[in-house]
């Protein structure tokens, strides 16, 4: 779009068409029209919504959060009863979402790495088995898998009276999994503190080891030392705390099982479903990450006389991490978002608690806005992390 | 990895000898590999025969509860007895040829559009196919004209519903996603901001929240007295959701077009829309066909979420059939396995085709 040409000294004022042909004027015009349309539409929708709410006698605002929720939640990580407020109920839901997402992420990473590496195995049969696993579970909708696991657990495990006991103290029943847990003791707090101290110590030892290797070329057995420091310190804390051995064993009392830690069938179904489904994607990410490292890197390591196992650890994996971490983060985010399917199997996650809240109070807009904002916040945090990581990992070229 | 670089030795010897060489190299190469092979074989022997016995040997197709009670294996009779309900939901029994025909039309258009990648002669027919095909599907499903009885869409269900929701979702999301992608690339700050906010917000929330929004909040948005039904609301939710994902796919395609192409279009003094239509989009869209198919696959799987807001898609009708008689309820494994098999067949074949297309497109680049 060329700007209108005028001879020098031309004082003729620009006509309207001249203005309309100016690229900058047009850009402004387009944007004003677009924004205007959006404002008009939103205004129309909002005014309709307000009218409708008024007609249905629903008040707007978040004041309902302080009211008594008056519904029970089957599992909670914090103190909660029907007398608690809606805000507490939503917090319980959020914590439950975080719990299932956290465990799911850890498990799907482990399983995904195993199958991703297995797909590249030189062993034909292992390779094929891994392919079958990945192709099967990624091509079946995750909701169908959830329904399947959720129907399977109560139907195929026995009533608490004749619970299966695969390991002493571990009970498998139609009401979920029961695990023995140690009875609370100050020793465990001490062990927690020791674990944090150990991580700090490992960080400094690692720094020192890198400095020494840069200076002298002498490697330091960091993995062994790390495990040593961590478990050593935690064990010392355990001994200092008086080495408590009391354990809360789940036992059958009457018709139900008391004691121990109960993992509900809903949670188990959700966790298994999400883990299996996402692990197939993680496997693909891992596989393409390893394949993305050029062959020349293996050959270069060979020609330097580096052992193959060391080359994998020090040359190949650090480079495939750069390729794999962003899509991996994406998969973690997907798992977290998919955990909202909890509502279909009755696990009280954020969306499911919000749904109950919505049905009881009629505050649909507020409830939906709360969980949308929380998920958005999680996504935003993830993309911030990804940007930070990409910057840190970007190839530094001379 | 480095082994791949070496040329494989040419196969020599009899079939038996070659089989031995092959299995030495691929199955028994070292003690660790031998262990893995033996473990894997043990796993297969442990897993496959019981499943085979259950699914085939001891199974029955007799479509009665009594027939199923007699066998120890799978009760495919459950699927057999409820096949129509599972496939078509509550669509009137005598009219079920209509959803079948609609599905054939839909599959035909989808295959036709995908085949156009391979056969350029088909390209000019893509848009006419959809413009004619979608109303034909609507007429078949709804009826009310040409002597077809009218079928309310609250009776729609099963596989046709799943296919319609996902295919229409992607088709209508296509132009919206394209506009959003162009908006995101735009130099105009307001347009860019609106596009970025829309894309990131939708991609940041789970589909189920969008569906909740569609089913609970859309009715509030409309003036009093105007209502749109549940199916349409879910469809709009799916379109809005898919558009954000397609926008990112298209952005990838647009970014892959070299800068020089934009500059060449500018130097020919083509207008923005001319350069997009004639120069940029033909190149960009070709690149995004495989990821678009992948979006369609994930949409096809995610459509099952409409169960949660009370629609009976293919997964919903399986649940409906399971609940139709308390005696059937315990055959959930058969029901879910059947649904899983259908989903797997459709998704897997599309995924393979998309991978093939990707390879084909790269072939062109190499030439």
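Counting starts with 1 at the first residue shown.
Placed from the backbone N, Cα and C atoms, the Cβ positions cover glycine too.
Residues or ranges marked as domain 'ABC transmembrane type-1' in TrEMBL: A:94-386.
For A:27-46 (among others), the entry in TrEMBL reads transmembrane segment.
Look at TrEMBL and you will find A:100-120 (among others) tagged as transmembrane segment.
If you look up TrEMBL, you'll see A:132-152 (among others) marked as transmembrane segment.
Only residues 6 or more beyond the boundaries of the transmembrane segment (A:187-205), in the same chain, are considered here, and those with a CB under 8 A from a CB of the stretch are 222, 225-226, 229-230, 232-234, 236-238, 240-244. The feature transmembrane segment is assigned by TrEMBL to A:187-205 (among others).
TrEMBL lists A:225-243 (among others) with the feature transmembrane segment. Counting same-chain residues at least six beyond the ends of the transmembrane segment (A:225-243), those with a Cβ under 8 angstroms from any Cβ of the stretch are 185-188, 190-191, 193-195, 197-199, 201-202, 205-206, 209.
Marked as transmembrane segment by TrEMBL: A:263-283 (among others).
Here TrEMBL flags A:367-389 (among others) as transmembrane segment. Only residues 6 or more beyond the boundaries of the transmembrane segment (A:367-389), in the same chain, are considered here, and those with a CB under 8 A from a CB of the stretch are 90, 94, 325-326, 329, 332-333, 336-337, 340, 350-351, 354-355, 357-358, 361.
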Near the transmembrane segment (A:100-120), which residues from the same chain, at least 6 beyond its ends, have a CB less than 8 A from one of its CBs?
-> 126-127, 129-131, 133-134, 267, 270-271, 274-276, 278-287, 289-291, 328, 331-332, 335-336, 339, 342, 347, 349
For the transmembrane segment (A:263-283), distant same-chain residues with Cβ under 8 A (at least six beyond the ends) = 74-75, 100, 103-104, 107-109, 111-116, 119, 130, 133-135, 137-138, 142, 145-146, 148-150, 152-154, 174-179, 328, 331, 334-335, 338-339, 341-342, 345-347
